[in-house]
2 protein chains.
Amino acid sequence: MTTLQDCRAMDAADPLAPLRALFELPPGTVYLDGNSLGVLPAATPARIARAVREEWGQGLIRSWNEAGWFDLPQRIGDMIAPLVGAGPGELVATDSTSINLFKVLSAALSIAQAAAPARRVILSERSNFPTDLYIAQGLGRLQGAQLRLVDEPGAIAAALGPEVGVLMLTHVNYRTGEMHDMATLSRAAHEAGVLAVWDLAHSAGAVPVDLHAAGADFAVGCGYKYLNGGPGAPAFAWVHPRHAGAFEQPLSGWWGHAAPFEFTPDWRPAPGIARYLCGTQPVLSLRALECGVETVLAAQPLGGMAALRAKSLALTDLFIALVEDGCAGHGLSLVTPRAHARRGSQVCLTRSEGAYAIVQALIARGVIGDFRAGDAQLPDILRFGFTPLYLRFEDVWQAAQQLREVLEGGEWRRPEFNRRHAVT
Amino acid sequence: MTTLQDCRAMDAADPLAPLRALFELPPGTVYLDGNSLGVLPAATPARIARAVREEWGQGLIRSWNEAGWFDLPQRIGDMIAPLVGAGPGELVATDSTSINLFKVLSAALSIAQAAAPARRVILSERSNFPTDLYIAQGLGRLQGAQLRLVDEPGAIAAALGPEVGVLMLTHVNYRTGEMHDMATLSRAAHEAGVLAVWDLAHSAGAVPVDLHAAGADFAVGCGYKYLNGGPGAPAFAWVHPRHAGAFEQPLSGWWGHAAPFEFTPDWRPAPGIARYLCGTQPVLSLRALECGVETVLAAQPLGGMAALRAKSLALTDLFIALVEDGCAGHGLSLVTPRAHARRGSQVCLTRSEGAYAIVQALIARGVIGDFRAGDAQLPDILRFGFTPLYLRFEDVWQAAQQLREVLEGGEWRRPEFNRRHAVT
């Protein structure tokens, strides 16, 4: 079995190892929750301090022009674009993933129904991230559409009937780490006359994505996970150029107007991606997102997303192997697919009892993952995210070792590890 | 006429004068644009640095519970509430003003149409802030409502016909500084069976507002103007308790769910104001907003909004008098009402020629106001905002003096002052 010494040798040979220095990791912590909140980049504190003291404090209102606040959403969008196979001017960093999904879902429905008014169904999966389902339900009430859910990925293609207008999927499942084949499903959607909307929350910066090659129509994604943009960082929206300018999104605020500072009473959408903006954006949080995206772009000279993907798979393969060996007999089962083509950048385990408490006991030992509750259909999940930018093979070894000790000693049964928090 | 010495004596006697020390004002600047972007509070840089380095950097995902990120929108909402006459649990700080307006407008329309389906009109003013009109247009397309505009405030009451569901007004007009009588118009709306939605962008922290006493139904407001929350700070939404729980807003993201961390596939709105949340909020920008709101709350022991209002009126009275005396014969006209009851915390002037360039020439001299373009019906505006928290009577004198010099010397005709910026 792989030893700690082996892992240290793998780290010494890792061409991406220098990227870890771009982050401020808390000492003594193995952080396996970058799929929930990415680590603080080392450059962020100074950048934010400058934005606060100089841009805001000294520049004041002039900074909209002089510090480039005005088109920051578009410029950060252009930075994210190459990470997901998008072109310049096609992607904008703004608002939250939920809000952006509302925008693109409404646009996609409008386009689908303009071609065929009977296409009133948004098709998705029951296991999709809940906010995606909630937003589709809220939009559906307004726009006269129904959300329909399938229980298994294998059932998606067969469900693309003539009543379906939009297929809305999350590329990498937040609970299981299972990854869809974006190209195959987008093609199936198009062959059925359906538009494909993709949520890249667990993909952008984590796995290679090529929106153009996959034939996607719309996408949204998250700034605070693998893009390391900070808590609640602005999200992003992408629109394929074939749809740009073909409709108006309903959150038609002044920043999406063709000439916001003409202050005219009638809505006139900006050309291209700018019409996906709505209100004034939180500049300080955008500055943090900018730093976060730069950490992912720093991998470009070292092989970019392909190199990050290779390391991510090596990390998750190693974790699976170490857990299955070291924790054998402790009732853990692997939820995440073993097949590389179907695995995101996380490993999810389940256990019939104690999943929540085991995660809490690990956190107390400095190994930070998280818990996702199950229901009648889905099991409880112990979730471990692997961000190849800052994780070492040694960290993987330590995480598996701590998990073994927590299970062997039964310390997860202690009352303090069974107390629920508001945010899990 | 009031002299510089007089102004310095007024500052010496001003009980609110100590509040200026709560801000980091750029030296040599007279800042009359707090109605566009409030000044940096002195406490903000350290608070943000702590949020970045400690809460995010060290606490990481644990800070959702341990640093109180989870309910920050509600807690900041409760801080803003007393400034606008709202009760605890009725107001939430989140998203942008435009997004929040979409939420409350949709809710108000739903309530109005549930009582009378024919009430399909949103009534507003042509001179309302454009994003309010754009949002109403965008929502109207989805929800089957039409925006109808009146040209004069005096025409509002008569336009409240049986086809009107919602009256949507901005309390203080962004262009003119004219203030509506919120209580009278809300009462007129209710007598006509219409709900009243108020935009407090130029009111919150600037003029006394009592939403309950005025009988308002819904309100939104801005965090980055008189609340000093920083560029693009999150905005707020308020709902009268009589409407809480009566409907679902359509931007139904997971943070508005009754139990977001149960991750269930079906939408179940949170009780009360939390259902007005949508996606994850930008925590760093919320921390800055928290500091900004604290600067306004710091006036509470000194007389609160009533004292701030008294000083604001004294500042704007003085500016009007000094300009009308010192700049007589230079073609300026006052746009803002002289009557205190109809004046917000700004003074707007107009001139048939050169309004933009005069503002630029003033900025070059360190007197920062802004320009708002006119159209066929509305004149170009030179706009000066007066934030009583940090402005001195001496600043008012300096501003009027610089304006006189710009006009007397004709320096605004220089080419560099006539070059347009993206953001005015």
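The backbone N, Cα and C atoms fix where each Cβ goes, glycine too.
Since this is a predicted model, take the numbers as computed values, not measurements.
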B:THR97, B:SER98, B:PHE129, B:PRO130, B:THR131, B:ASP132, B:ASP199, B:HIS202, B:TYR224, B:TRP254, B:THR280 bind pyridoxal 5'-phosphate per TrEMBL; candidate in B:THR170, B:THR176, B:THR295 listed for that same site: B:THR170
Local Cβ density at B:HIS202 (pyridoxal 5'-phosphate binding site) - other Cβ atoms counted within 10 Å: 26
Rounded to the nearest Å - Cα separation of B:THR131 (pyridoxal 5'-phosphate binding site) and B:LYS225 (N6-(pyridoxal phosphate)lysine): 16
B:THR97 (pyridoxal 5'-phosphate binding site) in three-state DSSP notation: helix
Around the Cβ of B:TRP254 (pyridoxal 5'-phosphate binding site), the count of other Cβ atoms that are within 10 Å: 24
Intermolecular Cβ proximity, recorded positions B:THR97, B:THR131, B:HIS202, B:LYS225, B:TRP254 versus chain A, under 8 Å: B:THR97, B:THR131, B:TRP254
Alpha-carbon spacing, B:LYS225 (N6-(pyridoxal phosphate)lysine) to B:HIS202 (pyridoxal 5'-phosphate binding site), which is rounded to whole Å: 7
Residues that sit under 8 angstroms from B:THR97 (pyridoxal 5'-phosphate binding site) by C-beta distance, when 6+ apart in the chain: B:THR131, B:ASP199, B:ALA201, B:VAL220, B:GLY221, B:CYS222, B:ALA235
